[in-house]
Amino acid sequence: MLPFVIGVCAVLVGVVKSSHYGIQHHPPSPHSAVEAPPLPHAPFSAPIVSRTSRRASKTHALHSLRAGKSYTVPVVGADYDYEYLTNITIGGQSFLVIVDTGSSDTWLAQKGFSCFNLTGAPEPTSTCAFGSDGFDTKLSKSFQWYPNTTFALEYGDGESLTGSAAFETVSIDGLTVKDQEIGVVSKASWVGDGINTGLLGLAYPWLTSITNSQGRKLQYNPFFFNAVKQKQVSSYFSLALNRGTANGMRSPGIDPHLGYLAFGGIAQVPVTSNRVTVPIQGYSIATRAPTSSRHPTYFYYTVDVQEYVFPNSSGVATASNSTIIDSGTTLNLVPTEVARAYNAAFNATWRSGSYYVDCKAEAPPFAVVLRGKTFTIDPRDQVVYAGTDENGDAVCMSGTQDGGPQTMGSVFILGDVFLHNVVTTFDIQRNQITFTQRKYY
Ligand SMILES: *[C@@H]1O[C@H](CO)[C@@H](O)[C@H](O)[C@H]1NC(C)=O
Ligand SMILES: *[C@@H]1O[C@H](CO)[C@@H](O)[C@H](O)[C@H]1NC(C)=O
Ligand SMILES: *[C@@H]1O[C@H](CO)[C@@H](O)[C@H](O)[C@H]1NC(C)=O
Ligand SMILES: *[C@@H]1O[C@H](CO)[C@@H](O)[C@H](O)[C@H]1NC(C)=O
Ligand SMILES: *[C@@H]1O[C@H](CO)[C@@H](O)[C@H](O)[C@H]1NC(C)=O
Ligand SMILES: *[C@@H]1O[C@H](CO)[C@@H](O)[C@H](O)[C@H]1NC(C)=O
């Protein structure tokens, strides 16, 4: 999910936002194959306990939202009904939250929150469909309000969250950060999944969403940045996101074996020797343009894709610089020409701004080249179940969708469809990402 303005959102909005800022590509370093050093094993490893299927109503809302947009990035649609969750403990209370490398705040719905629909009319709290009654600040011994501040996030589809900011003790699988800024959401316009109660944001501090009473942003260190700063853990976190089973994808509820979020090293799943380390693109805060200066600002986990490889790709310009690695987005959002050529090989049909495929289709091969190394995507990941139609028949989308034209300032997304195939290890000190191809599973 990507933040809107300074918020969290599913997908597209971030693209629009970045374009608005006129982010342009500046190469951080030449494209050449580099040997990545071995990564340390992670001392902390939280299971990804669940991927949940979003409600059908949301699916339809998302699809209609995407129609006719020139930037087809499915903002909230980008969730495309699946999210990876992990168990987090805040102030002694445990919740399942969305694991999101595309935003930076960690927030929970507060007990007693008010729910609104997407146009702001009050609704019963059940409409927001959080997975619990919410965080009870009164039961926490470590809770402290962050005085005279506001927490506010906005999503591209109209979802929004507002409330207060606080300092809390946050822990995941034994990795504990004290005095962590969190968002405590008292008003939510949210279409939840009945399972998650909030979100864990893993991206850079610049994207955080706390403001003071004058409306000035008070940037802070997100959870993992504080964990590193407090010397709890080395500067790596790593994600291994399993593709769900067919049943897990089609039924709501908890699917318990969906991989790992590891801190301090690489997530331990079987991997091949194919790996590469690429720089994260830094930007100039003044111009919002990419820069190779020594002290750039980092926003998202943005990398350069050297090439996409698929049947007939040789005639297509497939480089896609400024591509965000986003666990909070299900689909890949690639340049228009890439999506068009790949989906032609897939016999996909284009409807309301998205490519749809036969649920039984055998996806053509698709690979992502990063700094000279080729990472394949399993064909199973390219057929994404998206709900049922009026007749109750399964509807599937292509895993690789149109993310808009390749122009100055455009940004694209590699989502879970890609991330199922690699272990992705983020190094927030060296500002680089190591991709390691997983063994077949
Ligand atoms: C992407 O960046 C590389 C250098 O890192 C450059 O050679 C290439 O032209 C860029 N591609 C696009 C589509 O901007
Ligand atoms: C999260 O973990 C805690 C501690 O292990 C456990 O008590 C709790 O039931 C888990 N919560 C969820 C929602 O899975
Ligand atoms: C929100 O509720 C109001 C009042 O019931 C209704 O008019 C409006 O259409 C609803 N909006 C959405 C997006 O459901
Ligand atoms: C918060 O704002 C109130 C009213 O403006 C002020 O009296 C108080 O000192 C402020 N608190 C802090 C900690 O800044
Ligand atoms: C490749 O392109 C050629 C010429 O445009 C076309 O005839 C052929 O069907 C394409 N192959 C695939 C797999 O899309
Ligand atoms: C697409 O359609 C062509 C012609 O019917 C067929 O040969 C090919 O196998 C189909 N490809 C996929 C991925 O379904």
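Note that Cβ sites are derived from N, Cα and C of the backbone, with glycine treated the same way.
Taken from TrEMBL, the feature active site covers D100 (among others). Take the CB of D100 (active site) and look out to 10 A: across all protein chains shown you find 26 other CB atoms.
The active site annotation in TrEMBL covers D326 (among others). Taking the Cβ of D326 (active site) as centre and 10 Å as the limit, one finds 30 other Cβ atoms among all the protein chains shown.
The feature disulfide bond is assigned by TrEMBL to C359-C396. A simple way to gauge crowding: the CB of C396 (disulfide bond) has 19 other CB atoms within 10 angstroms, across all the protein chains here.
The annotation domain 'Peptidase A1' is assigned in TrEMBL to 84-436.
Under the heading signal peptide, TrEMBL lists 1-18.
For the domain 'Peptidase A1' (84-436), the model's average pLDDT works out to 92. On its own chain, C359 (disulfide bond) has V383, Y385, A394, V395, C396 as residues at least 6 apart in sequence with a Cβ closer than 8 Å to its own Cβ.
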